[in-house]
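Record features, source TrEMBL:
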type	residues	note
ACT_SITE	Y123	active site, O-(5'-phospho-DNA)-tyrosine intermediate
DOMAIN	95-159	domain 'Spo11/DNA topoisomerase VI subunit A N-terminal'
DOMAIN	211-269	domain 'Topoisomerase 6 subunit A/Spo11 TOPRIM'
Amino acid sequence: MGSDLIKSSLFYADQRLCSAEILPPPQVRARIEVAVLNFLKALSSTTPAISNLPMISRRSDNCGLRSGLFSDVPSIFLSYNFCRRSLMRANDAKAFVRVWKVMQMCFLILGEGKLVTQRELFYKLICDSPEYFTSQSQVNRTLQDVISLLRCSRQSLGVMASSRGAIIGRLVLQEPGEEGIDCSTLGPAGHAITGDLNLLSKVVFNSDARYIIIVEKDGIFQRLAEDHLFNQIPCILITAKGYPDMATRFILHRLTQTFPEMPIFGLVDW
């Protein structure tokens, strides 16, 4: 009966869930090394075989929705259902090799202690392996395969998304070891939001604003910034120039954590 109670609990159900861990570079490099060693071990065995690459399936039927245990905020998760990349299937052969090429490049990037954008990763790969990579979409899909295989976040692999976002208004940004940036003194383009989520997580915010205003269109953002709206209405203006990228969403999340009482408004194209 006790075991039945455990199996029926949310804690037991959580064991089925899969997440991409945020790991330091040495651990990610170790996971890549283990993947290579396992592959070589399979090739050098008495009955050599090229093993498939088991990846967490990203299909919609492997997704689920649950309510938070301590909050009303729901979350989307992936279960431990696998898909495979195989060198033995004609349609998968190049995709199989691309996974190893991206892992190799990420291994080198992490060893150098650097971060690259997905666009930079694409240029590195078409220079290194033009026979396997011809488009940005191939790199993006393969990067998702590597995340599904190694189960670590994209940032942990040394890759950050290019940020389109900008911020301006009654806000001072204090990055570690740097002078504060007063966003009320900038030009109409505002302050470009970095795609480095690790850096964004360490930024300290100071503000006397009363509102946060999210502006969908960059042209409207620049017009409001040029007119110094933030001095007439004490506010912080943020734009992602259309569909919001991860970094812009993350800095907004950090602002809501820092200033939980500050209301947020959206100015969008209806």
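Just so it is clear, glycine is given a Cβ too, placed from its N, Cα and C backbone atoms.
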Rounded mean pLDDT for the residues that make up the domain 'Topoisomerase 6 subunit A/Spo11 TOPRIM' (211-269): 93
Close in space, distant in sequence - Y123 (active site, O-(5'-phospho-DNA)-tyrosine intermediate), Cβ under 8 Å, 6 or more apart: none
